[in-house]
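> Annotation source Swiss-Prot lists active site, nucleophile at C53, citing sequence analysis. Annotated substrate binding site per Swiss-Prot: T52, C53, N54, R55, S115, E120, T121, Q122, Q126, in sequence order. Under the heading NADP(+) binding site, Swiss-Prot lists G195, A196, G197, E198, M199, I200. Annotation comment: Swiss-Prot describes H105 as site 'Important for activity'.
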Amino acid sequence: MQLLAIGINHTTAPVSLRERVAFPLEQIKPALGALRSHLSGRSGTEAAILSTCNRTEIYCATDVLTPGTDGFEHTLRWLSQHHNVPAGELAPHLYALPQSEAVRHAFRVASGLDSMVLGETQILGQLKDAVRTAGEAGSLGTYLNQLFQRTFAVAKEVRGQTEIGAHSVSMAAAAVRLAQRIFESVSTQRVLFIGAGEMIELCATHFAAQQPRQIVVANRTVERGEKLAEQLSGQGLTANAIRLTDLGERLHEFDIVVSCTASSLPIIGLGAVERAVKRRKHRPIMMVDLAVPRDVEPEVARLDDVFLYTVDDLGAIVREGNAMRQAAVAQAEAIIESRVQNFMHWLETRSVVPVIRELQTSGEAIRQAELERARRMLARGDDPEAVLEALSGALTRKFLHGPTHALNHTQGEDREALLRLVPGLFRHSSHSER
């Protein structure tokens, strides 16, 4: 069984490409079924899909994906067809990691070493959600289950034994820093949050600490927006919720807009922002789009009075704190390397299980056949001593037939290898078992 991780992330592809191969949550289960069917349709193929604002990754365990074969191309072709993105456009940004490289990558991702925000913890929760979804879809098996359980254990070990999360500048904190660079004081600004998920909650908490003049939460289901607004109001702020459909009429009221929804299409168009800017009499408006796919049409960035930032734009601010954690990175990498070797040892032992089962099945078939023959001999009155002699002789000949035949018909290096191997296979204790 071969392991494979294929994907793109914030270091290999811009957000304009990442958003085109992102998987909305409701599409992941059917996508897993389609992927497994595409990979030769074998029921033994295991798969999981991780899709976040910074990465889209596919993890597979199958016997048809091996380096140097069409396996990598199969998965690339499926990803290309599923998202209607030309393979030639996607391939230069894709990484394909087999076996130990896939294991190492999974460990690094879960530990926050591969994140834009070095050491961030949100990715671990996202990976756990991806594994849970794959489990519900029935696409996990022995190999990926073991990989991810060890992945979660390694992430816990890394965070517990290193300071990888220290001095971390989160995306939410970076958004606040940007606002402080544009506006003299966040406390005099009106802030709109679009969405009510985990990322928006984190951003709202950071902005709330700056005591803005007003906070409004716009969400498709107003109840969720109201719940977040209530949490923020408890911090002595003026916060309320509106429906997403009210955006067009209310957008001009806000100086800062932070958006992160799961929409597959932009929810703020160029025309809506142009009208808002006009009604604001060209006072500047800052927009932070943390969604992938993007919530704000990219053409909005061309407007003179709009400062539009995406997740990629926030990367420079985030990286300012990364250099301070390089010692922790070295410690984390050492832990991960050790755990990769442990997992690969487990994987290698798993590879012999089918062979052992086949040997056991073959041996049992021989035993049953010779036992039945011995019973027939006893039933017709043959001497028991002769029957036992015949039984033991037949078992010995049949068990040794395979190795003997191989030794007689193998040549060159293969024969030399067998000559070294066979004696060890048939070595037995000098003390008979009783």
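Using the three backbone atoms N, Cα and C, a Cβ is placed for every residue, glycine included.
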> Can you tell me which recorded positions out of H105, G195, A196, G197, M199, I200 are within 10 A of Q126 (substrate binding site) by Cα, answering none if there aren't any?
none
> Take the mean position of the Cβ atoms of G195, A196, G197, E198, M199, I200, the recorded NADP(+) site. Which other residues of that chain put their Cβ within 8 Å of it?
F193, E201, L202, C203, C260, T261
> Rounded to a whole number, what is the top Cα to Cα distance in Å among the residues the record ties to substrate, namely T52, C53, N54, R55, S115, E120, T121, Q122, Q126?
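Of all Cα pairs among the recorded substrate binders, the widest measures 15 Å.
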> For substrate, what surrounds T52, C53, N54, R55, S115, E120, T121, Q122, Q126 with a Cβ no more than 8 Å from their Cβ centroid?
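Leaving out the recorded residues gives M116, V117, I123.
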> For the binding-site residues T52, S115, T121, which one has the sparsest Cβ surroundings, going by other Cβ atoms within 10 Å?
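Candidates: the binding-site residues T52, S115, T121. Fewest Cβ atoms within 10 Å: T121.
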> Helix, strand or coil by DSSP: which one applies to G197 (NADP(+) binding site)?
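Assignment for G197 (NADP(+) binding site) reads coil.
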> Between the Cα atoms of T121 (substrate binding site) and M199 (NADP(+) binding site), find the distance and write it as a whole number of Å.
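Distance between the two Cα atoms comes out at 12 Å.
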> State the Cα to Cα distance, in Å, between E198 (NADP(+) binding site) and T52 (substrate binding site), rounded to an integer.
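For E198 (NADP(+) binding site) versus T52 (substrate binding site), the Cα atoms are 12 Å apart.
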> Using the alpha carbons only, what distance in Å do you get between A196 (NADP(+) binding site) and T52 (substrate binding site) once rounded?
16
> Is S115 (substrate binding site) helix, strand or coil when read with DSSP?
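Reduced to three states, the DSSP call for S115 (substrate binding site) is coil.
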> Counting distance between Cα atoms, which of the recorded positions H105, G195, M199 is nearest the residue listed as 'active site, nucleophile'?
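Minimum Cα distance from the residue listed as 'active site, nucleophile' across H105, G195, M199 lands on M199.
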> Could you tell me the C-alpha distance between T52 (substrate binding site) and M199 (NADP(+) binding site) in angstrom, no decimals?
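Computed Cα spacing between T52 (substrate binding site) and M199 (NADP(+) binding site) is 11 Å.
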